[in-house]
Amino acid sequence: MAFRGWRPPPPPLLLLLLWVTGQAAPVAGLGSDAELQIERRFVPDECPRTVRSGDFVRYHYVGTFPDGQKFDSSYDRDSTFNVFVGKGQLITGMDQALVGMCVNERRFVKIPPKLAYGNEGVSGVIPPNSVLHFDVLLMDIWNSEDQVQIHTYFKPPSCPRTIQVSDFVRYHYNGTFLDGTLFDSSHNRMKTYDTYVGIGWLIPGMDKGLLGMCVGEKRIITIPPFLAYGEDGDGKDIPGQASLVFDVALLDLHNPKDSISIENKVVPENCERISQSGDFLRYHYNGTLLDGTLFDSSYSRNRTFDTYIGQGYVIPGMDEGLLGVCIGEKRRIVVPPHLGYGEEGRGNIPGSAVLVFDIHVIDFHNPSDSISITSHYKPPDCSVLSKKGDYLKYHYNASLLDGTLLDSTWNLGKTYNIVLGSGQVVLGMDMGLREMCVGEKRTVIIPPHLGYGEAGVDGEVPGSAVLVFDIELLELVAGLPEGYMFIWNGEVSPNLFEEIDKDGNGEVLLEEFSEYIHAQVASGKGKLAPGFDAELIVKNMFTNQDRNGDGKVTAEEFKLKDQEAKHDEL
């Protein structure tokens, strides 16, 4: 509401209450019918202003003779009577009777003939020497010297910025006349009024009345008609010469020249790396409007918001605001609408809304990242280093970059055991355990593409999470050469088949084969690959020798590894 379109008022129209022939006679005589009588039938509790000579008023009235016969009424015309007081535009009695009235005050006025139409009357309407009774209700009052009146009844404790010329604002309002009659309300439309200030988009009084407001401030702006819709009104709901009262609550404020603003809330003391364009971030946020209204929160979904930055995956203001953050940092990012969701808005975000994001950076990485290894302790003798195929026993604590503990073997009371290079752990962990000696302690940081990827582990590891493992290697059993599951520690007997075939029937069954291999391992003559199921290894070795798959191995089928490279047995 409050569009431009006023013009200076023309000379007042003179209706019935003008004198007919010159000035009224001076006040004289005594008695109830000889003097002006005023009865104040209703006076409002609040009366910030009363009518003075020179003021312009709008009022309703009913005019009757002493016997009750009506001769005129503004209500019949469905329009107030609008006139200056004390400038000779009214009969003298009415000029005097209106002085001192409050808006919404009701007066019953008895005007003697000498202060009305005298001994001439008004032909066909008011007989000569008539006493006139007027029931008057004052609707509006203003003066040509008036300016916009501002009353602030709430101002937030913090007011970092106020409305300036050319700012764009979003506000709610109730628009009433001075008598309290509502003519318009943004609340009824459940939508703010959005406009530029000070560039002619509003009536002059509202342009002036909004200047200096803070977001969250509430003020009452009273505007005289010559700074509003003037003599003609708006042609719909606002009559001519009406003073307007706007009860305004400012929700939002920005300037088209604004960029984002950043307020650092918490910055970790140790910040080894800051985010750059192309990084992938995981962060929590609360998204609010400038007035504090929450429109979205990652916390309510119990899941971080995960995205690349600097590549257009998020609104431009967030793309910029997330650059240069540390892991664990908390900051507030204020995004003007032209760097947010623009004039259209999105979902429950209104158009032209300034957005406030309170973010907490959980982690970030770059797709080009490899693992990071920091060794905290190495024993004096650290000559035997882990390699592919070795069997390792180690303890670990697994956490996210923000310190959230995911898992711990210490809490479980047992080590984690793997064969290095066998695919038993994620690739980043496999890489991080290499070239480590027994007793060494190290921290391994694993980016998600070398960890559990975008999917994570349901209920355990978030998707796209960087993982931190604090590791202590407790035991290392050297593995076998690549491709071997069993090796001899010494010379191989030339009569190997005969030694396995104890019953000498020319064929070896699985039971005989398994018993022999385990005996060689027990005596130290042979070695099975550590970390694997021994029975499965032996069975696999036997199956490889059983060429025709009949469940037994003959001398013709039996061959050593170096005799046929494609098999991993013996």
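A Cβ is built for glycine as well, from the same backbone N, Cα and C atoms used for every other residue.
Straight from Swiss-Prot, the features:
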- Asp501, Asp503, Asn505, Glu507, Glu512: Ca(2+) 1 binding site (BINDING)
- Asp546, Asn548, Asp550, Lys552, Glu557: Ca(2+) 2 binding site (BINDING)
- 54-142: domain 'PPIase FKBP-type 1' (DOMAIN)
- 166-254: domain 'PPIase FKBP-type 2' (DOMAIN)
- 278-365: domain 'PPIase FKBP-type 3' (DOMAIN)
- 389-477: domain 'PPIase FKBP-type 4' (DOMAIN)
- 488-523: domain 'EF-hand 1' (DOMAIN)
- Asn174: N-linked glycosylation site (CARBOHYD)
- Asn286: N-linked glycosylation site (CARBOHYD)
- Asn302: N-linked glycosylation site (CARBOHYD)
- Asn397: N-linked glycosylation site (CARBOHYD)
- 567-570: motif 'Prevents secretion from ER' (MOTIF)
- 1-24: signal peptide (SIGNAL)
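Here the features listed in Swiss-Prot are painted onto the structure.
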residue: Asn286; record: N-linked glycosylation site; DSSP (3 states): strand
residue: Asn397; record: N-linked glycosylation site; DSSP (3 states): strand
residue: Asp501; record: Ca(2+) 1 binding site; DSSP (3 states): coil
residue: Glu507; record: Ca(2+) 1 binding site; DSSP (3 states): strand
residue: Asp546; record: Ca(2+) 2 binding site; DSSP (3 states): coil
residue: Lys552; record: Ca(2+) 2 binding site; DSSP (3 states): strand
Distant-in-sequence neighbours of the domain 'EF-hand 1' (488-523), which means Cβ under 8 A and at least six residues beyond its ends:
534-535, 538-539, 541-542, 545, 551-555, 558, 560, 570
Of the recorded positions Asn174, Asn302, Asn397, Lys552, which sits closest to Asn505 (Ca(2+) 1 binding site) by Cα distance?
Lys552
Proximity of the domain 'PPIase FKBP-type 3' (278-365) to the domain 'PPIase FKBP-type 1' (54-142), 3+ C-beta pairs under 8 angstroms:
no
Compute the mean position of the Cβ atoms of Asp501, Asp503, Asn505, Glu507, Glu512, which form the recorded Ca(2+) 1 site, and then list in sequence order the other residues of that chain whose Cβ is within 8 Å of it.
Ile500, Lys502, Gly504, Gly506, Val508, Leu509
Within the same chain, and leaving aside Asp546, Asn548, Asp550, Lys552, Glu557, name every residue whose CB is within 8 angstroms of the centroid of the CB atoms belonging to the recorded Ca(2+) 2 site, in sequence order.
Glu507, Gln545, Arg547, Gly549, Gly551, Val553, Thr554
Inter-residue C-alpha distance, Asp550 (Ca(2+) 2 binding site) and Asn397 (N-linked glycosylation site) (nearest angstrom):
49
Give the mean pLDDT for the domain 'PPIase FKBP-type 2' (166-254) on the 0 to 100 scale.
97
For the recorded positions Asn174, Asn302, Asn505, which one has its C-beta crowded by the most other C-beta atoms within 10 angstroms?
Asn174
So if I measure Cβ to Cβ from Asn397 (N-linked glycosylation site) and keep only same-chain residues at least 6 apart in sequence, which ones fall under 8 Å?
Leu405, Asp407, Ser408, Thr409, Trp410, Phe469, Asp470
